[in-house]
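Here is what TrEMBL says about this protein:
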type	residues	note
ACT_SITE	ASP23	active site
ACT_SITE	ASN71	active site, proton acceptor
BINDING	ASP23, GLU206	Mg(2+) binding site
BINDING	24-28, ARG36, HIS40, 68-70, TRP72, ARG74, ARG187, 193-195	substrate binding site
Amino acid sequence: MRYNMTCQLSKENLPEHIAIIMDGNGRWAKEKNRPRLFGHNAGMKTLRKIVKASSDAGIKILTVYAFSTENWKRSQEEVDGLMNIAVEYFKKEVGELHKNNVKIQVIGDIAGLYPKVQDAARKAMETTKDNTGLIFNVALNYGGRNDIVYAVKALMEKGVLPEEVTEERLNAELYTKGLPDPDLLIRTSGESRLSNFMLWQTAYTEFFVIDTYWPDFDQEAYYHLIEAYQQRHRRFGTA
Ligand code: IPE
Ligand code: IPE
Ligand code: MG
């Protein structure tokens, strides 16, 4: 399936970088008396649609929070299931994403993932690395604090002196190096917190929390939020 470009959104003031905390899979499944993994599988389908909707809308960068450094605290069954879904997603989707010129990047502590997840992620990144369309960041084993600690380590390994440390240099060592900060952050399922997502990068990001659980989120709701973002007045500390 080729993505089409029939999006009705105004191109004016379109967010360049959208970040999404895909939350509520477990509660969605619970309401249906189904296991949590049923919710995660449904969430994967939503992700497929939202990636396409982003590409169609001409969004340059989409970053989704798929697994946090704290999510290892869940049951072994759920963690294993989520890792299997990640492998399945990379294997199944890479062909279509590649056809549509999407560049996949996994951000987070990749070395801490199961080897099979690392392999699938690296293959997806390698296949799509020269693509020039949507940059699609999948945050896996990602933590905002871990991101900053790794950046500090990288600066120290390069022998950067204290007086040479600047926001720009630290920014250039984050997992999101080279990318602008998110303009818009969406969190589904009604929780109003960052849960350790992109702590540094969201300094001036516009937040939208919606009650919909991630598996029920769709293109219409997504474009509605983008339109709401287009109405916001960003000041960045100015008067
Ligand atoms: C988001 O859904 C997916 C991951 C964190 C991996 P949850 O699994 O957090 O669902 P809820 O918040 O428990 O409903
Ligand atoms: C954040 O959601 C992580 C992801 C969506 C991957 P959580 O469900 O883990 O966050 P908390 O525990 O509700 O803060
Ligand atoms: Mg949750």
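Including glycine, each Cβ sits where the backbone N, Cα and C put it.
The residue listed as 'active site, proton acceptor' sits 14 Å from GLY24 (substrate binding site), taking the Cα positions as reference. For GLU206 (Mg(2+) binding site), the nearest neighbour among the listed binding-site residues (GLY24, GLY26, HIS40, THR69), judged by C-alpha distance, is GLY24.
By the rule that a residue counts when its Cβ sits under 6 Å from some atom of ligand 3, the recorded positions ASP23, HIS40, ASN71, TRP72, ARG187 yield ASP23.
Under 6 Å, Cβ to nearest atom of ligand 2: this is the test, and of the recorded positions ASP23, GLY24, GLY26, HIS40, TRP72, ARG187 it is passed by ASP23. Closeness to ligand 1 is met by none of the binding-site residues THR69, TRP72, ARG187, LEU194, GLU206, no Cβ falling under 6 Å from the molecule. Taking only the Cα positions, the spacing between HIS40 (substrate binding site) and ASP23 (active site) is 10 angstrom. Here the CA atom of TRP72 (substrate binding site) lies 16 Å from the CA atom of ASP23 (active site). Annotation: TRP28 carries the greatest number of neighbouring Cβ atoms among the binding-site residues TRP28, TRP72 [cut-off 10 Å, Cβ to Cβ]. In the three-state DSSP assignment, the secondary structure recorded for THR69 (substrate binding site) is coil. According to its DSSP assignment, TRP28 (substrate binding site) is helical.
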